[in-house]
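Everything on this sheet refers to the single structure shown next.
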């Protein structure tokens, strides 16, 4: 009997233990199933988000081609307005304008001859225009821009009467000219006087700018000298240039020597006595004063 009871107790204990074990397993199963379901749902959502972002085929980014500089279009001559063999007053005006900027020398005429053709060709070459020796609209526009309307005397080859300035009895010197070494430029008497310590050493005829190119007035000093200077703006010669205000300088002018006061400068102080300005150039030093005034 005792043995039967022990066996029954053991069997009951095993049954209880089995039930306890199964009970524990049965309690966790719903939570595990819920976690698994949530994981599957999350994976499906991520797959739905990522799937549209997947590239069906690889994209190849090609490098951009190197930029190619296009050549500048070649200038071609325009229709001829005036050329060799032409005659008339307009030809005379062209010659007068060329003479103002020192491309034409001598008397102007109504005939477009070899000298005019050479002057126009040189003018065109300096400006990078097609060189034809004939005047087209481009050439005429630039020539008009760089010159002024010719006067009656210029068109008729009238030599002006020279202006004589007496250094001793001429117009009064500006007080600023009486101290030190000064190029004293008097617009009233159209003169330049070289004055050292109040004593006039040299007196020269002078010509100034006009028609919008006026010579600046005031007190300056020589800051640069260039014996064989050529204007980078107007491409004309400016021998014995002594600069005192920007691009304005005292210098020799062959046009002033040829046409006198019929013309004007582009703002510089023109001198027409070659030997005198050559001597003055050698005397003037950097830093010497310049006074431009009306007496």
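Using N, Cα and C of the backbone, Cβ positions are placed for all residues, glycine too.
Unlike curated entries, TrEMBL annotations are predicted automatically.
Quick look at what TrEMBL lists:
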- 251: active site, proton donor/acceptor (ACT_SITE)
- 268: active site, nucleophile (ACT_SITE)
- 181-293: domain 'L,D-TPase catalytic' (DOMAIN)
- 68-87: region 'Disordered' (REGION)
- 1-20: signal peptide (SIGNAL)
According to DSSP, folded down to helix, strand and coil, what is residue 268 (active site, nucleophile)?
coil
Rounded to the nearest Å, what's the C-alpha distance separating the residue listed as 'active site, proton donor/acceptor' and the residue listed as 'active site, nucleophile'? Just drop the number here, would you?
7
Sorted by position, what residues of the same chain at least six away from the residue listed as 'active site, nucleophile' have a C-beta under 8 A from it?
209, 215, 238, 241, 247, 248, 249, 250, 251, 253
